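Annotated features in Swiss-Prot:
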- 1-30: signal peptide (SIGNAL)
- C86-C97: disulfide bond (DISULFID)
- C108-C125: disulfide bond (DISULFID)
- 150-162: region 'Active core' (REGION)
Amino acid sequence: MKTQRDGPSLGRWSLVLLLLGLTMPLAVTGRILSYQEAVLHAVDGLNQRSLDANLYRLLNLDPRPTMDGDPDTPKPVSFTVKETVCPRTIQRSPEECDFKEDGLVKWCVGTVTLNQAKDSFDISCDKDKRNVARLGDILQKAREKIEGGLKKLVQKIKDFFGKFAPRTES
């Protein structure tokens, strides 16, 4: 006849089940990403969904807003990406690619979660409005210089033709 001593005791099985139960949530939860890692993950997702010919790479990450500690809660993000020289069809990390000279810059906003198991982001990107504003400033300065140059040119033309005008002596 077998006794309890011959087989594993109920206490040992309880301990094994307890340890399994403690490790299961860790496997389901996954790794917690840093704010920057979550944004880089979102950039990878944007590249996968993009119809553009080249990959985009993170150019600038706006400062991290104050956030709660829950990695499952979506966190607001704002960043810019710039077009690289690498075609989207190659299997390469965007961080390995150089930025394309005069490449398209996009301003992106949305949310990311830091829990990698959730793998959640909701990002939308537009052409960088800040670059458009800078272009407007450049065009304004160019217009002012052209206007100033034209005024000087008109005055020189008047002075030149003024020399040939008949003079009346009084």
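Every residue gets a Cβ built from N, Cα and C, even glycine.
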Tertiary contacts of the region 'Active core' (150-162), as residues 6+ beyond its ends and Cβ separation under 8 Å: none
Helix, strand and coil residues within the region 'Active core' (150-162) as assigned by DSSP: 13 helix, 0 strand, 0 coil
Listed in sequence order, residues with CB under 8 A of C125 (disulfide bond) and six or more positions away: L46, V81, K106, W107, C108
Averaged pLDDT score, the region 'Active core' (150-162): 83
Neighbourhood of C86 (disulfide bond) by C-beta distance under 8 A, where only residues 6 or more apart in the same chain count: N54, L55, R92, P94, E96, C97
Neighbour-count leader, CB within 10 A, disulfide-bonded residues: C97, C108: C108
